[in-house]
Amino acid sequence: MSIFASPTSWIESGALDQCRQVAALPGMRHVAGMPDLHPGKGAPIGAAMTSSVLYPFLVGSDIGCGIAVFPFKLKRPVPEKLATRFPDLDVPDRSFFDEADVPAGCTDSLGTVGRGNHFVELARVGTVFDIDHADRLGLAGGDLVLIVHSGSRGLGERILRAHTEVHGAGPAEDPAAYLAAHDDAVRWGSLNRRVMAARVADALGAEHEPPIVDECHNSVEVRDGLYLHRKGAANGDGRDVLVAGTRGTPSFLVAGHAGADAGYSVAHGAGRKMSRADALRRGKAKHTVEELRRTPVGSLVVCGDRQLLFEEAPTAYKRIEQVIGDLVEHGLATKVVSTVPLVTYKTADVEPRRRGGRR
DNA sequence: ATGTAC
């Protein structure tokens, strides 16, 4: 077991307990904890876990969840104006995809963001740390990007449930069959992010390009004859990854250089510091809805759900700079650019949410 | 995390 966090980076003991439990599973060879490590449901989040057998529960239900970055071009990006123009990403819009292109034929929720830590954010490139690398990606300071964090919605959940109903937390009896369904969910998740980018571009009157970064962080792959599970950990083996900050702090686009001891992975975000229940309780005492909807960096958060706003408050997360610092210090990644949010969409701004209506 | 489980 290797944990890639400096001694000053606080890691909840429950997450380390979960890592030890996973490390003790039959066939487990290596567990790598990322600096955003925190407890999950049964398995730690922010970990790369390598074993001789495939454990679907280590990937979790949101198979193929990931973060994509799309270059956006907009004339005058005024957050107050743009926030009112975001499409309702809680409901699908079939005019943005062709049914024939959808993996597993699952079209019901394609192009929707979901809940929890998922978000769609229009951001501006802030600090450029590696000019050459940023240039290769076509990025310069001040450029606009759309960051989309979402996954496979109900599809991945159904794939995990089909396994757990029979085998619980046990290994896949037919790894090839699981992997085939998993790969569909990974492709579906990536398409989901692209459909959302198209929807947002259309609604904002923006030009957008294909993603320059799109890495999922809940997945399993066969590597060196073993199953490399990633839960809240992105492929950091020569890949570029957007490590998400919070709704009100920058995010960092990094170049991954992670080796075997790190499970060829990098962190996927700031990592929760508080459980959702704690964040809700403490957040209500500490913040007003207004200060969570207009952040210290001047961005706006579109979120008609008060509870979600508190659960996802920046103070419920670790400091992203510390997480990135740990990645850099351990040689897992180098910084390329930071992004600073302008508008972050969490869920429609009206409560109760409108269903199926047009804007 | 989830057209969810208690």
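Yeah, the Cβs are placed from backbone N, Cα and C, and that goes for glycine too.
Annotations in TrEMBL come from automatic prediction, not curation.
These numbers come from a predicted model, not from an experiment.
Among the candidates A:K41, A:K346, the residue that TrEMBL names alongside A:N117, A:H118, A:F119, A:V120, A:E121, A:H217, A:N218, A:S251, A:H268, A:G269, A:A270, A:G271 for the GMP site is A:K346. Between the two most distant C-alpha atoms of the annotated GMP binders (A:N117, A:H118, A:F119, A:V120, A:E121, A:H217, A:N218, A:S251, A:H268, A:G269, A:A270, A:G271, A:K346) there are 20 Å. Using Cα positions, the member of the binding-site residues A:H118, A:H149, A:H217 nearest to A:K346 (GMP binding site) is identified as A:H118.
In terms of Cα spacing, the binding-site residues A:H149, A:H217, A:N218, A:H268, A:A270 that come within 10 Å of A:H118 (Mn(2+) 1 binding site) are A:H149.
In this structure, the CA atom of A:N117 (GMP binding site) is 8 Å away from the CA atom of A:H149 (Mn(2+) 2 binding site).
When the binding-site residues A:H118, A:H149, A:H217, A:H268, A:K346 are compared by the number of other CB atoms within 10 angstroms of each CB, A:H118 has the fewest. Within 10 Å of the C-beta of A:F119 (GMP binding site) we count 25 further C-beta atoms, all protein chains included.
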